[in-house]
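This report concerns only the one structure given below.
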Amino acid sequence: MTNDRGYLGVTPPISVVESTEREKEVTLTLMEELRRQGTFESDEEARTRELVLGRVSALVKKFVQKVGIMRGLSEATAIASGGKIFTFGSYRLGVHGPSSDIDTLCVVPKHVSRDDFFEVFEPMLREFDGATEVAGVPDAYVPIITASISGIPIDFLMARLALSSIPEDLSLQDDNLLRNIDERCVRSLGGSRVANEILRLVPNVQVFRDSLRCIKLWAQRRAIYSNVNGFFGGVAWAMLVARICQLYPNAIAGAIVSRFFIIMYQWSWPQPVLLKQIEEGPLQVKVWNPKLYPADRAHRMPIITPTYPAMCATHNVTASTQMITTEEFKRGADIVDKVIVGTAQWSELFLKHDFFHKYRYYLQIIASTGDADLQIKWSGTVESRIRQLVMKLEYVDSLILAHPFIKGFEQVCYCVSDEEIRAVAQGEISETIARRKKDDIHGKEGAGPVYTTTFYVGLAIEPKQPGATGPRRLDISYPTTEFTKLVKMWEKFDESSMGIVVRNIKSSLLPDNVFDPGERQPKPAVKRTKGGKSSNTSPDMPSNKRPRTSSNTTTKDVPMKANENGTIPPIALTPVVETTGAFAPKDPSVIKSPQLPFGENVAVATGAQ
């Protein structure tokens, strides 16, 4: 797939030399570490996936046949209508792990509607042998049904083509298939088309896969793998790795990973990352173009899909998530540099994030219902809006950034009174409630389960300015009120069955379920400085070792809940001993920027695009 100039990508390679002996050595140790970290599935699980996909393929054909007969087609015509599945995402790219889901696209002929997908196929899935946790989200940006089949999680999308039947040898790479189909179907087809094109645009598929496995694991461990929360999703990480592979066509995984961190840290955003030139096509649809569209111009870290119509895979990135991701690129570059020279191990790259040790103040967003199926939809709706909360928080004076955590924490509590139900929905779970089991409430009138999903946003607050006097308060009432209003605007929102609570919580009061066993360190009491103040305080900067200001939890430590309208009272910022944090203002002259090896120039990759 080289272009007429003899190379893959939109610029010449930075280097075409083979990897050094040292790079070959560190690649071997990298692959050993990836195996030790459990990123590869077993042969048995691989066979299970293939069997499940075979059964799903037959089910999709049966679905198309069933709808055809409902529409009045003869049985023979209905059977001949076909129906075909295509995988995309990590499974199609060949970088899935033991617990990865399979992204599956169901391609159907024109007599099958999207309503049929949710009204016919979803119930068929619920009855399917081995299927559990089936949940349809018809009003998502890309409508989806999630399920688990024989223990394998699968995400189903649907694309309806303007064809009367779907042939077995159908290829999705033909742009003309996009004619006369709705926008949601164009988006659904995108995942599979992009995955196929990425694999065609890399010089060595195995090197790409090995490198991407490393970057995926790193991004997951560092909690920066989440499109919905404003970080990069799987396809964006894949395109970044593919771009580095294009720039170093003869390098092996260790060398690719090393260059990845350096180049991404130095990248001239909002310069887009492109795997090939953006192409026009047969449709009257929007193609990413920052010169034409103000919304595209606002993209902070644009990574552009290589298929028509070109789209930005990272439109959710905010000012905060850009800062966090860039900081992680620098950390990665520093560690891999040490690995190359032999003073660090690959395992250090994959150390768990420190999100719940990093800030003094957090926002807790608690979504609650009394029904397991409803909770999946309600918590998903709340999570999809958290990025809007982050963007509003970024406008608050004295907030450096708002750091969303990439997943929610689910809990089920068994309550015996309305008072307990209200308390749990507010995040107040007593030991009595926490210990109670399902059997304990059996047959009790008014008793029932409360399902909660709790999301967190870390707040990095500017250090107190030298010479500033008096207490400081952080007013986040407007962003939290607007966020609460926003989630309640969901068309299926029901005040009587769904709860949403936003509250401020100090790090010392974070619940145990956000930590791994043994991770939470007991915090020693620290005596207050005279007068309870310090001349150079920084109450809220990220810190790995945050001393408490008092040995007792005072009323000030109680989490502040939002009022009825979602407003949080201003947070009184408690002075503590100043610490340095990742996002503290730094003197640029003392920051050592990671550099490519002598003779390699990152401007080759960015300057010519």
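For all residues, glycine too, the Cβ spot is worked out from N, Cα and C.
The Mg(2+) 1 binding site annotation in TrEMBL covers D101, D103. Per TrEMBL, Mg(2+) 2 binding site is recorded for D101, D103, D155. What TrEMBL records for 9-202 is domain 'Poly(A) polymerase nucleotidyltransferase'. Taken from TrEMBL, the feature domain 'Poly(A) polymerase central' applies to 207-351. What TrEMBL records for 354-523 is domain 'Poly(A) polymerase RNA-binding'. Residues or ranges marked as region 'Disordered' by TrEMBL: 511-571.
Taking the centre of the Cβ atoms of D101, D103, D155 as the Mg(2+) 2 site, the nearby residues of that chain (Cβ within 8 Å, site residues left out) are G89, Y91, I102, T104, T146, P153, I154, F156. Within the model, the domain 'Poly(A) polymerase RNA-binding' (354-523) shows a mean pLDDT value of 91, rounded to a whole number. Sorting each residue of the domain 'Poly(A) polymerase central' (207-351) by its DSSP state yields 74 helix, 6 strand, 65 coil.
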